[in-house]
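Engineer: Could you have a look at this structure, given as structure tokens, before my questions?
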Amino acid sequence: MVSLLWKFTLLCLFLLACTSAEVLERSSKPQTPDKDPFYDPPSGWEEKEHGTILRSRKVDIAFFQIAKVKYKEAYEILYRTSRSEEDQPSTTVTTVIVPENAKKDKLVNMNVYVDSNGARCAPSYVLQRNAKLATDPALSYQQVLFSTILDEGYILTVPDYQGPKRAFAAGRLEGHMAIDGILATLNLKELCLSKDTKVIGYGYSGGSIATGWAASLQPSYAPNLNMVGWTFGGTPANLTSTLEHLNGGTPAGFAVSGVAGIVDEYESVADWINDKLTHKGKHALDFVREHCTVGIVLRYPFTNILSDSFMKHGAQLLQSPIMKKVLGTLNMGVRPDETPKAPVYMFHAKLDEVIPYGSAHDAAKRWGDHGADILFEEFTGLVMGHASTELLNLPNVLLFMRDRMSGKPFIHGYEHKHTDNPLEDPGVIAKGFDALAETIKNAIDNTVGMGDKHMKAKIEQSRRRRIVS
């Protein structure tokens with residue numbers, strides 16, 4: 001769940017500014033996951049252990065950003081995993097990217113924000129060379145971050161953590177699939193990775209759902225993983241409050257996507273809601289199942305999912321016993337036995353206009369009360385909107401990764417830090433991030449900030465054009 005239209009604008013600016021960049025060589029067109037037989041598991045897969053590789057292949061990766069990014073090799077892995085419950089077997093795919101200067105004992109699980117339900121939005125498809133142009137500009141934009149992490153020498157594993165049904169916002173499913181993507185990557189013999197490989201998980205916005213739940217579930221689900229840290233921000237830690245916050249607002253399309261994801265993962269919810277949806281509601285869920293973020297946000301701004309036009313007795317959507325039971329299991333930090341064991345760096349803008357700050361802070365505090373070592377950084381500056389925060393805070397994320405990978409000590413217990421703007425932190429310059437900070441400033445100058453006002457303005461313009469037409 002993220003403000004996206006300004007990111008599309010930013011991506012276009014990148015492309016216009018880099019017309020001299022290397023042109024990617026053409027190769028065969030990849031197929032979307034719903035049409036590619038690679039994604040169909042072989043017989044007997046249900047009996048395998050989670051994290052087991054079912055098949056793998058080499059792929060060509062193209063980063064649709066400033067310039068072609070060099071990498072040594074890339075693979076896709078189909079692996080056995082679990083849905084929301086461990087006894088619900090499923091499969092999904094992760095994309096593994098190995099940099100030229102790969103450090104064979106360091107791995108980053110990068111849970112990119114997909115925030116949509118369409119098959120062609122899956123990272124394993126979008127990341128491939130010659131995937132449909134700009135099928136998901138949001139993911140294409142986030143690949144700007146990939147190059148920075150790859151430059152550190154860290155191998156990346158990027159899972160399709162929403163699974164074959166693309167169950168966006170089904171946090172427990174996403175957590176399991178992210179963890180099993182790590183296990184599958186460690187099991188890929190071509191990489192020669194040790195079981196003691198140091199692993200860090202990262203995610204922002206919709207990607208932080210997968211990362212936050214992976215951090216919560218890993219100690220019991222895959223306790224032997226050598227997790228040395230988790231870092232995530234803009235976190236929808238409480239799905240109920242997030243849906244209520246999104247509802248009726250500019251990014252309301254993400255609420256529609258979230259409802260579709262929950263319906264598609266939980267049969268009890270599907271059985272309850274399907275005969276209550278209006279024609280408009282059914283059409284909305286069908287639409288998001290076929291489209292990616294930009295199309296969804298443009299199609300459903302200001303939509304009220306709690307209205308009678310969406311479903312009969314719409315106000316009951318989030319308050320019915322069935323929905324409350326399911327949504328109650330999707331709140332981070334509630335159960336003491338689901339507390340991250342590895343160090344956590346969590347960050348959130350105080351003025352985040354998309355994801356409620358309070359819910360994220362509450363989850364972090366509860367984790368701390370349950371024994372987690374967690375630094376929660378609150379950004380108070382007026383330029384810190386939901387979308388701008390991820391990019392502006394990239395230096396601190398990289399610093400956290402470097403320190404965890406090198407074994408430096410971390411805080412004990414819970415600590416709350418207040419910062420105006422991360423790029424104004426003297427530590428960013430002192431740690432050698434001055435060049436990266438300048439690049440970030442130049443990239444977002446006059447494009448984001450002030451509550452991501454540009455994103456809101458563009459959606460309002462789109463809405464007016466639709467009314468006129």
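Even glycines carry a Cβ here, placed using N, Cα and C.
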Engineer: Using the record from Swiss-Prot, pick out the residue from CYS18, CYS121 that is joined to CYS292 by a disulfide.
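Structural biologist: Swiss-Prot lists the disulfide between CYS292 and CYS121.
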Engineer: According to DSSP, which of helix, strand or coil covers CYS292 (disulfide bond)?
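Structural biologist: Assignment for CYS292 (disulfide bond) reads coil.
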Engineer: Tell me, if you would, which residue among SER205, ASN238 (recorded positions) has the fewest other CB atoms within 10 Å in the structure shown?
Structural biologist: ASN238
Engineer: Which of the active-site residues SER205, ASP352, HIS386 has its Cα closest in space to the Cα of ASN238 (N-linked glycosylation site)?
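Structural biologist: So, of the listed active-site residues, the one sitting closest to ASN238 (N-linked glycosylation site) is SER205.
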Engineer: Counting all other Cβ atoms within 10 Å across every protein chain shown, which of the disulfide-bonded residues CYS121, CYS292 scores highest?
Structural biologist: CYS121
Engineer: Inside 10 Å of the Cβ of ASP352 (active site), count up the other Cβ atoms and send me the figure.
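Structural biologist: If we count other Cβ atoms within 10 Å of ASP352 (active site), we arrive at 26.
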Engineer: Expressed to the nearest Å, what is the distance separating CYS121 (disulfide bond) and HIS386 (active site) at their Cα atoms?
Structural biologist: 21
